[in-house]
Amino acid sequence: MTWSNQSKVTEFILRGLSGSSELQMFYFLFFSVVYVATVLGNLLIVLTIVLEPLLHSPMYFLLGNLSFIDMSLASFATPKMIADFLSEHKAISFEGCITQIFFLHLLGGAEIVLLISMSFDRYVAICKPLRYLAIMSWRMCVGLVILSWIVGIFHALSQLAFTVNLPFCGPNEVDSFFCDLPLVIKLACIDTYILGVFMISTSGMIALVCFILLVISYTVILVTVRQRSSGGSSKALSTCSAHFTVVTIFFGPCIFIYVWPFTNFPIDKVLSVFYTIFTPLLNPVIYTLGNKDVKHSMRKLSSHVFKSRKTDQIP
């Protein structure tokens, strides 16, 4: 049976964060500021890492790629959400909805692999310091980044393999500000229980297992750090604490949403906002506030920019 021939829905209606018209302008201004800050913050980290030779190391190479992914994660749905605050008809085409789902899982899958790569980098740096440069070579770093995108692509395609041909012939209202897979498949005209179980095994359980592995990894690292009392160990502890904070705020909402796809909790919208908008904003804040090298490089880069501007203004 060809499901695609039965599909009658050509667009979905996004209910957004709230139906209150009084809050629309406040949300528009608030999330516009948050989005601009997120993009500029992550872009600043990327440019600082690229332009500052002091940061040309494996850890900062992976951090720069994380900031790029976060900048993209904040951009796949947020501009549409901001525009919808000024529109009464909050609609998205079927193709646009599928595109949002694709990029959400592409970027989410890539970020999971990248966070695992960053924990591996810290494990090698702390537990095997004498072999660090040999293990974390540039070939290894580039390979890990490429692997993250490959995993993200395959993960996104696996989520859409059955979704794109589902018959949507009835309700078309998505109770969120973007198209999320658990909410969209519930609108199909067939029983999607098996698809929901598949989604649990490929999204929810993968996120849960990876989070547990990362917790174990950082526990081993922190135990190793506690056995040392040097300044270098204190710096390593600060770096690992920042990494673990990012891991927690990213995986927490994902696990809650995708492990229980058949139940729609009121807090789901808040969690969706958190891991698609606030987490990409918090990452640059966490890494810059807790990292002296990054802060020093940013000040150095900004001083060069201001000096060059003053030089250009002199007749």
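Yeah, the Cβs are placed from backbone N, Cα and C, and that goes for glycine too.
Note that TrEMBL annotation is computational and uncurated.
Among the ranges 59-78, 159-178, the stretch that TrEMBL annotates as transmembrane segment is 59-78. Within its own chain, the transmembrane segment (237-260) is flanked in space by residues 59, 66, 108, 111, 115, 118-119, 122, 126, 180, 182, 199-200, 203-205, 207-208, 210-211, 214, 218, 221-222, 225, 267-268, 271-272, 274-275, 278-279, 282-283, 286-287, 290-291, which lie at least six positions past its ends and keep a Cβ under 8 Å from the stretch. The transmembrane segment (98-120) makes no contact with the transmembrane segment (25-47), as judged by fewer than three Cβ pairs under 8 Å among residues 6 or more apart in sequence. Counting Cβ pairs under 8 Å to the transmembrane segment (25-47), the stretch among 59-78, 205-225, 272-290 with the most such contacts is 59-78.
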